[in-house]
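Have a look at the structure below before the remarks.
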Amino acid sequence: MWYVLIGIPGLEDLHTWISIPICSMYIVAVVGNIFLIFLIVTESSLHEPMYFFLSMLAFADVLLSTTTAPKMLAIFWSHSMNISFASCVSQMFFIHFIFVAESAILLAMAFDRYVAICYPLRYTTILTSSVIGKIGIAAVVRSFIICFPFIFLVYRLTYCGRNIIAHSYCEHMGIARLACDSINVNIIYGLTVALLSTGLDVVFIIMSYTMILLTVFQIPSWAARCKAFNTCGSHICVILMFYAPAFFSFFAHRFGGKTIPHHIHILVANLYVVVPPMLNPIIYGVKTKQIQDRVILLFSSISTCC
């Protein structure tokens, strides 16, 4: 069985123009995140918990944008809209899997900042290399356990010939809504996953930053307070960029069918898979002095060699 991804419904005439910024952002996202990973791996001064978590986030960003953007661009440029059912389900699984894993990584980064600011003397003893590795494995395993049932949930449904998906990539509810059967189980499971995995991640992140703020406001020195806020600023920006459009797409897709134009849903969903991955390395590069210093040193070395 083959499906047809129509791109952004209602904006078909603008597909070529929309593809230009999406392609540019995708290239910047891949190059920027791979460069960030390379920098963290090769520079021993960046071998700290915060940067190890950042490298995990960068790797997840590369996977997320690469899972979606090439097919989107194929639709926009060459009208290559057909996709097999198996390929569509595979894309669906990896999109949800990477999203849940990224959410766990952002929670781990919030925990890292909590330990660094609230328990600075115990930072290196709490977040050892072994603990960081276990956190990374736990994020992957949790994401797999949560998202693997989506495959069975869409395969169990009976499909009656409808094969047009009004989207640029495959996601769980987009596939389920093509079925003739009741999709109540799919809806309930999707909502449960959103609330008990990503929703709990957000709650724990808020709790972490609440405790961080309480600790920071007890610091008598304004300079020390500013330094503490600065170390958290880039992470807060990344969190907002990750969760805001994700929750907008999630709730608009389920509850805002008549109030929000459908092409707005899809446009936001398309931008979501390229904009945060593009901006994450830029934000950390601008707001993190250690990364700035290593980038300057690296390019200085390259220019000297040339």
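Each Cβ is built from the backbone N, Cα and C atoms, and glycine gets one as well.
As written in TrEMBL, here are the features:
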- 32-284: domain 'G-protein coupled receptors family 1 profile' (DOMAIN)
- 18-41: transmembrane segment (TRANSMEM)
- 53-77: transmembrane segment (TRANSMEM)
- 83-111: transmembrane segment (TRANSMEM)
- 131-155: transmembrane segment (TRANSMEM)
- 187-216: transmembrane segment (TRANSMEM)
- 228-252: transmembrane segment (TRANSMEM)
- 264-286: transmembrane segment (TRANSMEM)
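Where the transmembrane segment (187-216) meets the stretches 18-41, 83-111, 131-155, 264-286, the count of C-beta pairs under 8 angstroms peaks at 83-111.
If you look at the transmembrane segment (228-252), the same-chain residues 6 or more away from its ends with a CB under 8 A from one of its CBs are 57, 99, 102-103, 106, 109-110, 113, 116-117, 194, 198, 202, 205, 209, 212, 216, 219, 260, 264-265, 268-269, 271-272, 275-276, 279-280, 283-284, 286-288. Listed as Cβ neighbours of the transmembrane segment (264-286) (distance under 8 Å, sequence separation of 6 or more from its ends, same chain) are residues 7-9, 11, 18, 22, 25-26, 28-29, 32-33, 35-36, 54, 57-58, 61-62, 64-65, 67-69, 72, 95, 166-169, 171, 234, 237-238, 241-242, 245-246, 248-249, 252-253, 256, 292, 295. Per-residue pLDDT, averaged across the domain 'G-protein coupled receptors family 1 profile' (32-284), gives 87.
Outside the transmembrane segment (18-41) by six or more residues, the chain places 8, 11, 47, 51-52, 54-55, 58-59, 61-62, 65-66, 69, 72-73, 76-77, 267, 270-271, 274-275, 277-278, 280-282, 284-285, 291, 294-295, 298 with a CB less than 8 A from a CB of the stretch.
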